[in-house]
Ligand code: 4NP
């Protein structure tokens, strides 16, 4: 059975689709296809059906990574479906845990930055209202955290 990862942010058009596509890129690079399955979702319904943000696509493209997918909202069934749920920031983390009032799935929910080894950031910052540098930072941070997460998986 494949290990299932779900990346979660607010809109599912910037950070979490980047995390999903970066992880798929690393999985392919390391020949781990089929062992780990990735998906992403937003806590909000703001952008359901939308493609990844163009500025995010451009930043990922600068690192040779193509972003594919359409935004969807986090669903309660995701708690059962996925083995690990990775929140991009503390607000996403809180919003996810609020949907699990009995703390049945708390152990499955983690902050993405807990897996970064090269960056000191504790959260993946929301780049939506900022400039190009913010999008590039998100990609660099996610490359680091995805790599760290993969290393944990391979232990
Ligand atoms: P994301 O970024 O959560 O990384 O997808 C955002 C996308 C949209 C909005 C905020 C953050 N928004 O307010 O519409």
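The backbone N, Cα and C atoms fix where each Cβ goes, and this holds for glycine too.
The shown structure was predicted, so the numbers you read here are calculated from the model rather than taken from an experiment.
Annotated domain 'Phosphotyrosine protein phosphatase I' per TrEMBL: 3-152, in sequence order.
If you look up TrEMBL, you'll see 9 marked as active site, nucleophile. Sequence-distant contacts of residue 9 (active site, nucleophile), defined by Cβ-Cβ distance under 8 angstroms and a gap of at least six in the same chain, are 15, 16, 40, 42, 43, 87, 88, 89, 92, 124, 126.
For residue 15 (active site), the Cβ neighbour count at a 10 Å cut-off comes to 34, with all displayed protein chains included. The DSSP secondary structure for residue 15 (active site) is helix. Taken from TrEMBL, the feature active site applies to 15.
Its Cβ taken as reference, residue 126 (active site, proton donor) is surrounded by 18 other Cβ atoms within 10 Å in the chains shown. Feature annotation from TrEMBL assigns active site, proton donor to 126.
Looking at the domain 'Phosphotyrosine protein phosphatase I' (3-152) alone, the prediction's average pLDDT is 98.
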